[in-house]
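Input: a single structure, listed below in structure tokens.
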Amino acid sequence: MQPTTEPHNAILVEKTPLETYVPPAKPSLIGLSRNELADRLGEIGVAPAQRKMRVQQLWHWMYFRGAQNFDEMTSISKGIRAELAQHFTVDRPEVVAEQISNDGTRKWLLRLPSGDNVEKAHEVECVYIPETDRGTLCVSSQVGCTLNCSFCHTGTQRLVRNLTAGEIVGQVMVARDRLNDWADREDGTRRVTNIVMMGMGEPLYNFDAVRDALLIVGDNEGIGISRRRITLSTSGVVPNIVRAGEEIGVMLAISLHAVRDELRNELVPLNRKYPIKELLQACRDYPGASNARRITFEYVMLKGVNDSLDDAKLLVKLLKGIHAKINLIPFNPWPGTAYECSDWDQIEKFSEYIFNAGYSSPVRTPRGRDILAACGQLKSETEKLSARERQTLRAMAMTD
């Protein structure tokens with residue numbers, strides 16, 4: 001089924017979020033840089049000569065050991081721990097719902113308090129996808145999204161606000177909490193080995209917070225996920241693509257999904273501001289791109305929309321000269337969508353053509369379909385529940 005094309009003036013680009021972040025009365029230290037932590041220590045009277053050491057201790061306990069309160073930080077003096085507990089927390093987002101798929105995929109709905117007003121608390125999703133050789137965590141960057149991509153469920157949800165660096169890092173910490181994945185894990189392995197910024201929101205429209213969060217996640221003295229195992233996905237915010245390479249230095253993925261501007265204008269309305277030619281030039285200019293650090297182009301397979309062999313041929317032509325791989329994504333249906341997933345035979349033909357042209361073209365294995373694991377679905381479904389049902393979900397998540 002071919003959806004109706006929106007009028008040209010329906011373009012949705014970067015908008016001011018409806019709300020700004022209101023910190024709790026006792027803010028969390030999660031997401032602060034080392035310099036910011038030193039400033040907070042100064043606020044509670046820690047002498048300048050001690051701050052560097054105390055920052056390193058805090059960093060170790062928060063990001064390497066996963067401490068959930070200051071009492072666990074036994075290498076820090078009791079007096080400083082008491083002052084820290086009086087003024088700050090190391091709280092993560094609250095798990096209000098958890099779903100576990102038959103294939104092992106886990107999806108969490110996380111509550112982000114706004115000040116002391118529980119009624120204004122917002123929720124985001126993150127998803128853990130276990131595979132034989134890795135465990136990938138899909139992380140959100142905004143509450144809702146402004147881009148209105150027609151095939152994406154999050155596009156049906158309004159943009160409420162940007163996440164803070166702490167709320168982004170907090171998703172990784174929640175996953176490690178739930179998976180028992182901190183330094184004291186008996187077998188010494190890690191379940192969360194890869195991070196993808198492919199959850200709710202457009203990361204490059206929340207650049208500073210995403211940058212600060214990913215620098216913390218990639219820090220070798222803490223969470224320690226290599227930057228080569230962190231992928232930032234964008235729908236094509238061209239001015240911030242090269243900047244991301246310079247200031248963050250992680251792997252880049254582009255939500256392409258179409259090879260002609262007319263169709264991409266419909267699927268990804270941001271294309272009307274930054275068309276394909278400009279987007280691909282930014283990819284060619286991305287710092288550090290090489291055969292070993294290829295840019296991933298994501299391409300959702302929509303039946304009768306973008307899955308012809310002519311589309312595959314033009315895709316190969318467009319990507320000439322770019323160190324690239326193409327990730328073909330079978331469409332994950334959601335209630336109310338007008339799209340269907342391409343037939344499997346057609347996906348294989350599309351993939352084979354790209355592969356024969358010299359590009360890696362893996363087909364992403366659909367995961368978590370039994371738990372509505374496509375981005376934004378759990379949030380939408382829980383919003384339909386009554387208050388009593390939501391309280392029951394929260395209790396189950398907390399006691400699981």
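Even glycines carry a Cβ here, placed using N, Cα and C.
Taken from Swiss-Prot as is:
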| type | residues | note |
| --- | --- | --- |
| ACT_SITE | Glu125 | active site, proton acceptor |
| DOMAIN | 131-372 | domain 'Radical SAM core' |
| DISULFID | Cys138-Cys375 | disulfide bond |
| BINDING | Cys145, Cys149, Cys152 | [4Fe-4S] cluster binding site |
| BINDING | Gly201, Glu202, Ser233, Ser255, Leu256, His257, Asn332 | S-adenosyl-L-methionine binding site |
| ACT_SITE | Cys375 | active site, S-methylcysteine intermediate |
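Of all the binding-site residues in the record (Cys149, Gly201, Ser233), the one with the smallest CA separation from the residue listed as 'active site, proton acceptor' is Gly201. All protein chains considered, the CB of Cys149 ([4Fe-4S] cluster binding site) has 23 other CB atoms within 10 Å. For the binding-site residues given as Cys152, Leu256, the lowest number of other CB atoms within 10 Å of the residue's CB is seen at Cys152. Here Cys145 ([4Fe-4S] cluster binding site) is positioned 16 angstrom away from Cys138 (disulfide bond), judged by their C-alpha atoms. Here Cys145 ([4Fe-4S] cluster binding site) is positioned 7 angstrom away from Glu202 (S-adenosyl-L-methionine binding site), judged by their C-alpha atoms. In this view, Asn332 (S-adenosyl-L-methionine binding site) is surrounded by 21 other Cβ atoms within 10 Å of its Cβ, with every protein chain counted. The binding-site residues near Gly201 (S-adenosyl-L-methionine binding site), taking a 10 angstroms Cα-Cα threshold over the set Cys145, Cys149, Cys152, are Cys145. His257 (S-adenosyl-L-methionine binding site) and Cys149 ([4Fe-4S] cluster binding site) have their C-alpha atoms 10 Å apart, to the nearest angstrom.
Cα spacing between Ser233 (S-adenosyl-L-methionine binding site) and Cys145 ([4Fe-4S] cluster binding site): 14 Å, rounded to the nearest whole number. Within 10 Å of Asn332 (S-adenosyl-L-methionine binding site), as judged by C-alpha distances, the binding-site residues found are Cys152; the full candidate list was Cys145, Cys149, Cys152.
The binding residues for S-adenosyl-L-methionine are recorded as Gly201, Glu202, Ser233, Ser255, Leu256, His257, Asn332; their greatest pairwise CA distance is 19 Å. All protein chains shown were included, and the count of other CB atoms within 10 Å of the CB of His257 (S-adenosyl-L-methionine binding site) stands at 24. Across the structure, Leu256 (S-adenosyl-L-methionine binding site) and Cys149 ([4Fe-4S] cluster binding site) place their CA atoms 11 angstrom apart.
Under the three-state DSSP scheme, His257 (S-adenosyl-L-methionine binding site) falls in the coil class.
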